[in-house]
Amino acid sequence: MPVIDPAIIGDVPEPGTPEYASWAAQDRRETILVTSWLFLSLATIIVALRIYTRIGIYKYLLADDYWTLAATLCGFVSASLSTVAIQNGVGRHFATLSMTQRENVIFWMTIAFVPAGFFSGLPKVAVVALLSRLMKPARWLKWTLWVVVVWSVASLAVFMFLQFARCTPTQSMWNFDIQGECMPRGPIIAYAIYANVFSAFINVVLAVYPAIVLARMQMSLKRKVGLTAALGIGAIAGIIAVYKASLIPESLGSNDFSYDGAALILWTAIEGCTMMIATSMPILAPLIDMMLNSRSRARLVTPRTEAYADLKDESHEMGIRSSRTSESQVDMLQRGDSNKEDRGLGISPRLVAGPGQIICTNEVSITFETQPVDPLEAMIHGYTWNR
């Protein structure tokens, strides 16, 4: 028995009536296609600006950039598979589709859920990698953030697995000629709600945490509000995830799967795109700040372009700086009183101290290590420019 019984579509108006004609004409395909690709295009532009900023200022990519690029790839794969599903009937009522279209709808939607899950999960990994570097949380807090994010992504991955493992054999889900045994929908729907609500909770946590840290830092209110907004966009994704979770019972539990499930495709795409924007906007904060304040550069002690140029140094080599005067303390002592004994403490005119003697010198050696500074980290800690 297939997951969706073709003989039980739901409440269908009587064929041949005006109600049936109006019902059969309902179509969500254009809305899903236009909205999904519009959001994905916007998110891709933001990610492209992020990469441009990284390479232009920092000269190389970091871990959070690679996670974001991986999420972008998953977004395009998911959107492409969803487009194929829409071309086969997603967005139209199941009763209006041919048997072949019904099978294709189930197949392509099941396949599209896999990259869609990673599309909404991988940006969380990018956010944690970014916050761990910028905010420098305590060890226990850092590990807590990583554990809950990995748990969230794993929960979404388990849901993807259940999509394929709920029927034996798997092909019976989309091939109505194959008889198979399937799990009840109830437990799968309940688990899907849990995974998405937990994902929403993590989105909010990752947005609130930097706001709390920034509230304790000494910086102008304007910059504090701007950075909090940039780092807190993930809260919007959390709200979207909660709304998407509310659609799961109707979408996954409906026999009119092709029509009711279309909303799930749409909001999954919007959530993933919002998370991509959320993880990329903080990287653009220094660039946006420079653009908005370009008219006031003359008032800056150090031009911002030069200040950011200092961040391009990638050297990790150890160096030694020495500061010397023309004369050492020993030379000056030698010109003075010949007797330099004071309360039994001898001062040696040589650079080798004997028993009960010390060396006086004005030569100081400093060992230091240079490391690249993240532009956003510089902005948060006030490194870039002086007001």
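Note that Cβ sites are derived from N, Cα and C of the backbone, with glycine treated the same way.
The transmembrane segment annotation in TrEMBL covers 32-53, 65-86, 106-131, 143-165, 188-213, 225-243, 263-288. The feature domain 'Rhodopsin' is assigned by TrEMBL to 49-289. Annotated region 'Disordered' per TrEMBL: 315-349, in sequence order. What TrEMBL records for 322-331 is compositional bias 'Polar residues'.
Listed stretches 32-53, 65-86, 106-131, 143-165, 188-213 were compared with the transmembrane segment (263-288); the greatest number of C-beta pairs under 8 angstroms is found for 32-53. The stretch from 32-53, 65-86, 106-131, 188-213 that makes the most Cβ contacts under 8 Å with the transmembrane segment (143-165) is 106-131. Listed as Cβ neighbours of the transmembrane segment (106-131) (distance under 8 Å, sequence separation of 6 or more from its ends, same chain) are residues 2-4, 62-65, 67-68, 70-71, 74-75, 77-78, 81-82, 84-85, 88, 90, 137, 145-146, 149-150, 152-153, 156-157, 159-160, 163-164, 173-174, 199, 202-203, 206, 209-210, 231, 234, 237, 241, 257, 261, 265, 268-269, 271-272, 275-276, 278-279, 282-283. Listed as Cβ neighbours of the transmembrane segment (32-53) (distance under 8 Å, sequence separation of 6 or more from its ends, same chain) are residues 61, 65, 68-69, 72, 75-76, 79, 82-83, 86, 90-91, 262, 265-266, 269-270, 272-274, 276-277, 280-281, 283-284, 286-287, 375.
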